[in-house]
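Here's the structure we're looking at; comments come further down.
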């Protein structure tokens, strides 16, 4: 059990809290006794019981307070470390704005150019990794893992605790780096990057060790073997693993796999998107500094980035087909997944695939507080400019609430249009940031036009936005598109942008039918006052994750996360995610030291009498699996006879 360390201030605060609670309780008891003397006199036993219960409750509160560690155990006490902030992460940074914000630069064909999507400011150029670079990374990681794989949990927890404290104390810097490279707002970064990452670290510290303990399994059912044979699964590191992560959460998507890899005793080579190389370099350096501060090998974590494959450069495919990887987690799009799976198959590397989604937000007739729901819908659709794999892609509303909810949302977006821009330097108040690039603007506009041509109504937005302050920024108008039907392209394809799509359903079953009509199956939400009906919908949705009367809460650390159908397969997160990065070694052993397996004489080579050997095995099987006590006794006599 972990030791608890309380400083003097905490002890004084604890004492004063308990004393105040106790004094309040005494005051209430005295008031009762003064106001009802006769009742007290006639119910001394009741008062005694009440006093005892209150005392037990007070003791329980005290124990709960003390048993909640204020600091980590000394075995993994966090280590402080620092990291210089990059120049572009400084507040009010005056970076040069580029005419072209493409990652390609004809003058430097082997380099990746990085820009701030919100402003167009140039962040720097980085050489695309070569096949030789990849080999070196895998080799270094493998060498570091050979020692790290045998580390005890206190060393691993020390690294995570140190990382936890750094993130908690440097939120502004981390958010600014993430925003500068992705174009999102500081608020979106705080919730989508920092909060969820700290939760993952803290959950792993608190529950991860228990998940990786050997798992004893019941059995065998064989009557003879069950008395002296035990079986368990021991979870061992795989070695060097890889994670190929998307750009929409440059901090969280990068750190999530690293946290899981380090805790399970693995080394990891992370391949970030070419869109967020600048921030990924800083974040991986943060991890390596943390490892160094904890006296661990920083080579445990490596960062790779490559330009998309061409005839002259196939490094990206070389990475995913590398035989040094024992496991790959991919977060990205469906088209890219096909290439990754094809490459990974060359070395038989297992892959967890987390792809896009077309998550439905279902509002049933029993849902009442539509104003509150409109706030959830707005946040779930427009956060990070809609670039969220579990963002709301379709709002499916049963007929009783449809028109009212459409009006509420349209009125909100008309009266208070979402302000677009950049708040990285806190120069203005904004609601929605930029998109990562303008590469998909033609596609988004075409989806809207197709829907309108087929009968949908465009109430807000629908096209790209030329920002007056940031003409090089990548902005798309917050869009409200209603009366969408399944035959429209926007109902079947992932938008991954700030387009609020609304679909009208006839009834609850029609809500489910519409939700399941898309080829994806990542997540979904259902809202209503009838819990039985909500559970019916949740059980009927063909998805990997569902939230009831909430949005995206299935992305909590204790649950495995992943989709089905066109959204991929496999899970990361939760206990299952940790176990998936381990070799589940099945071990069978003797539980009684004086009993061991021997080959019976009738079965020993060479077989001296086939008939006797057959009868021996037959009697053994009967004795092992019969439900009749008499049959088992007879088999024992037969075994004794045939064994001679």
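The backbone N, Cα and C atoms fix where each Cβ goes, and this holds for glycine too.
Among the features that Swiss-Prot reports, N-linked glycosylation site is placed at 15 (among others).
Residue 248 (site 'Transition state stabilizer') carries neither a helix nor a strand DSSP state and counts as coil. Summarising the annotation, Swiss-Prot assigns site 'Transition state stabilizer' to 248 and lists similarity to another entry as the type of evidence.
DSSP gives residue 354 (active site, proton acceptor) a strand state. Around the Cβ of residue 354 (active site, proton acceptor), the number of neighbouring Cβ atoms within 10 Å comes to 26. Sequence annotations record features per position, and here Swiss-Prot assigns active site, proton acceptor to 354 based on sequence analysis.
Other C-beta atoms found within 10 angstroms of the C-beta of residue 389 (active site, nucleophile) number 28, with every protein chain shown included. Per Swiss-Prot, the feature active site, nucleophile maps to 389; the stated evidence is sequence analysis.
DSSP gives residue 565 (N-linked glycosylation site) a helix state. The C-beta environment of residue 565 (N-linked glycosylation site), restricted to residues of the same chain at least 6 apart in sequence and closer than 8 Å, consists of 519, 520, 521, 542. What Swiss-Prot lists as N-linked glycosylation site is 565 (among others), and the listing cites sequence analysis.
Secondary structure from DSSP puts residue 627 (N-linked glycosylation site) in coil. Swiss-Prot lists 627 (among others) with the feature N-linked glycosylation site.
Between the listed recorded positions, namely 248, 627, the fewest other CB atoms within 10 angstroms of a CB are found at 627. Using a 10 Å Cα-Cα cut-off around residue 354 (active site, proton acceptor), the recorded positions 248, 389, 627 reduce to 389. Between the alpha carbons (Cα) of residue 389 (active site, nucleophile) and residue 248 (site 'Transition state stabilizer') lies a span of roughly 9 Å.
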